[in-house]
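Note sheet for the following structure.
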Amino acid sequence: MELVNRTEISEFFLKGFSGYPALEHLLFPLCSAMYLVTLLGNTAIVAVSVLDVRLHTPMYFFLSNLSILDICYTSTFVPLMLVHLLSAQKTISFIGCAVQMCLSLSAGSTECLLLAIMAYDRYLAICRPLRYPVLMSHRLCLFLAGTTWVLCLFKSVTETVITMRLPFCGRQVVSHFTCEILAVLKLACGDTSVSEVFLLVGAILLLPVPLAFICLSYILILATILTVPSAAGRRKAFSTCSAHLAVVMLFYGTVIFMYMKPKSKEARVSDEVFTVLYAVVTPMLNPVIYSLRNTEVKEAARKVWGRSWTSKRATKRREGSWEIFGIYR
């Protein structure tokens, strides 16, 4: 009987903003523009970090990982959300819901740990500058990034499998615009205690623990910066951390607001609008913050753009020369 209940649901209805047509028409162009900026901005960060040799450092390696994460995270739900904003058919298959849930959980969890790793990188660069190349080697960077991606994917797969194996007894209306795990759990008609324990443990490991580690790193960084004798040296040291610190405050501030609310609070449309802004705006702002606050990124972007423009002009000149050669030959 339990197997029948589990396989009874073949698709879910994502309620989203279906009760507010005017809001849907407003959100579609807004979210479309922000998603496009997210893709272009984060792709540009990755391209610049790869193409400019001066940015082949641990800081920009982790920044490229962060940009890839932002692209992956928004791409798990924004395209389908945009379709649903203009369509009366707001369904998603059972398998599609599970995949979306798993990938979004994995990307969000990985970003929590990656921000902590980036704080540790800044701590070593400022507080241990002489030993920094040895302590933060290329092999260690690959190990930290790879381990973070794999562990968070394994955690997310585990949480998704436990949740989607619960019986839903025909309840299929998700009060959300995406297959968010807490919204799907509300539909389960079986015992959700195991899933809730996994989520609680994961929330503790991915929110308070990394945030405390980041705060400790920046306390030590601040103490070191204050001992720098020259004002120019202090400004340079702080400028390497200000962008990351702004991203941390933006990311953790919105996540804590969304997921640390009282569990009994009723879902409102304002909460879903804020979730959209958190899920779409934050990945869009990350490359903006890093490009505006970091002179190295701006210089590298100008260099790559100038090199690309020069290459195009040289190619055109060569093509013109061959045409002339062909005419007169």
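Placement of Cβ uses the backbone N, Cα and C atoms for every residue, glycine included.
Per TrEMBL, the features are:
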type     : residues : note
DOMAIN   : 41-290   : domain 'G-protein coupled receptors family 1 profile'
TRANSMEM : 26-48    : transmembrane segment
TRANSMEM : 60-86    : transmembrane segment
TRANSMEM : 92-120   : transmembrane segment
TRANSMEM : 140-158  : transmembrane segment
TRANSMEM : 197-225  : transmembrane segment
TRANSMEM : 237-260  : transmembrane segment
TRANSMEM : 272-292  : transmembrane segment
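Per-stretch counts of Cβ pairs under 8 Å to the transmembrane segment (272-292) identify 26-48 as the leading one among 26-48, 60-86, 92-120, 140-158, 197-225.
Here the transmembrane segment (60-86) has Cβ contacts under 8 Å with residues 14, 16-17, 24-25, 27-28, 31-32, 35, 38-39, 41-43, 45-46, 49-50, 92, 100, 103-104, 107-108, 110-111, 114-115, 117-118, 121, 141, 145, 177-179, 247, 276, 279-280, 282-283, 286-287, 290 of the same chain, all six or more residues outside its ends. When Cβ-Cβ distances below 8 Å are used as the criterion, the transmembrane segment (197-225) is approached by residues 109, 112-113, 115-116, 119-120, 122-123, 126-127, 155, 158-159, 162, 181-182, 234, 237-238, 241, 245, 248, 252, 255-256, 259-260 of the same chain, each at least six residues removed from its ends.
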